[in-house]
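Let me begin by presenting the structure, written as structure tokens, before commenting on it.
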Amino acid sequence: MSVSKKPMVLVILDGYGYREEQQDNAIFSAKTPVMDALWANRPHTLIDASGLEVGLPDRQMGNSEVGHVNLGAGRIVYQDLTRLDVEIKDRAFFANPVLTGAVDKAKNAGKAVHIMGLLSAGGVHSHEDHIMAMVELAAERGAEKIYLHAFLDGRDTPPRSAESSLKKFEEKFAALGKGRVASIIGRYYAMDRDNRWDRVEKAYDLLTLAQGEFQADTAVAGLQAAYARDENDEFVKATVIRAEGQPDAAMEDGDALIFMNFRADRAREITRAFVNADFDGFARKKVVNVDFVMLTEYAADIKTAVAYPPASLVNTFGEWMAKNDKTQLRISETEKYAHVTFFFNGGVEESFKGEDRILINSPKVATYDLQPEMSSAELTEKLVAAIKSGKYDTIICNYPNGDMVGHTGVMEAAVKAVEALDHCVEEVAKAVESVGGQLLITADHGNAEQMRDPATGQAHTAHTNLPVPLIYVGDKNVKAVAGGKLSDIAPTMLSLMGMEIPQEMTGKPLFIVE
């Protein structure tokens, strides 16, 4: 009979940051007797989850993708945002063979160069500075027909903040004397990640057919009309931008289409609609054979050009477990499943030997403030069963509530989400202690602790750059180390498990066994 394993469990409370100020702080306002008691009585520390400590630009807020890559890698992983900033600054970007090749090919054939992406200074899925550099690259290489298709943010940025970005690009095109913003649409449609194909179809039709629900002469006018309809940036309906006498910007065979998002999860669906011959998410009214370039690799099975292919990470936590014949479980809801699998494994899609995965469906609601507990009860039930099963050496779990409900900007809902999490943590901690296992509770970045923007008075729907908690629950006598960061978590887990830390992991253990 095999011996029951005592698992090392990592619970990631997505969007659960630490903030001393109590105003507009859903985590402080919520009744959290369990987390309060753990913080008071167990070894704990605060760790950095943003900026240079996670490979992002200085003071840049953290995000789930970046957070999980650092958590799993055990070393600071320089993110695409930072890498692209450097490439643009030293002008290597302007010589990227994939980007220049696509532009030159379209230009030489008299075709258009279409640039699409999230027009945002948020830096989570994209950055407008990168899009600006792409416009400049196309113009410098002599492209005449340059069309920008702007997906509007309002989620990683304030809800109504797109106007200054659109103005900047309209001014740029005016200065160049060519090109224009050809369409605007909210990210709710263009960047779905939950197979809501009816949304993606609206964006696809706007791009391929130059057909939308609305039309305006300029991008700013189109945005102002959306605000008048009470649509915030994220939800702006498909709007064609085309003044009298301007050519139609519908996509044609042979055009170049460059997708400037660098984060994969919300880029995949619309990319598949363009690239996959066997695409069946919706019946495409127009199938165009464009020269499609992904800025980064959105998925290994999407067969199209990639401007910046992934650098592979060796000996991530998951791979190291497999090499040491350990069993592991990854478990989360739909919204964060990719994060505890693909991203935690350093961008590797397939599971490692001995790695099981459990996916709990996120509730099908329009926005998560309508169901702030999400699917946490079912997730907890499955997680507790796995802890007690004796099957796993380690378990990685993500609860999405703090982040997904924090993004709605609805304070009361975020408070309910945090209270639901407190009940879940109680169940998990009890289960871990009952089998003699160990538990680390942390977060990948902040969100719910800051629900209103003090500067603008608007709802604060974005992540924060605040530290996150790290708590140890277990029978070892440990002392916490200050000054940690997300990439210290994997080495911390390995040291608590009594395992060797691979040399590729440069993070340091944050709990020292006394």
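Yeah, the Cβs are placed from backbone N, Cα and C, and that goes for glycine too.
Since we're looking at a predicted model, the values are computed, not measured.
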From His423, His463, the one annotated by Swiss-Prot with Asp403, His407 for Mn(2+) 1: His463
Swiss-Prot Mn(2+) 2 site partner of Ser64, Asp444, His445, selected from Asp14, Asp104, Asp393, Asp488: Asp14
Which of His125, His127, His130 belongs with Arg155, Asp156, Arg187, Arg193, Arg263, Ala264, Asp265, Arg266, Lys336 in the substrate site listed by Swiss-Prot: His125
Cβ neighbours of His445 (Mn(2+) 2 binding site) where a neighbour is any other Cβ within 10 Å: 30
Integer Cα-Cα distance in angstrom, Asp444 (Mn(2+) 2 binding site) to Asp403 (Mn(2+) 1 binding site): 10
Rounded to the nearest Å - Cα separation of His125 (substrate binding site) and Ser64 (active site, phosphoserine intermediate): 11
Neighbourhood of Ser64 (active site, phosphoserine intermediate), C-beta criterion under 8 angstroms, separation at least six: Asp14, Lys336, His339, Phe343, Asp403, Asp444, His445
Binding-site residues listed as His125, Arg193, Arg266, His407, His463, least Cβ neighbours within 10 Å: Arg193
Nearest of the binding-site residues (Asp156, Arg193, Ala264, Arg266) to His407 (Mn(2+) 1 binding site) - Cα to Cα: Asp156
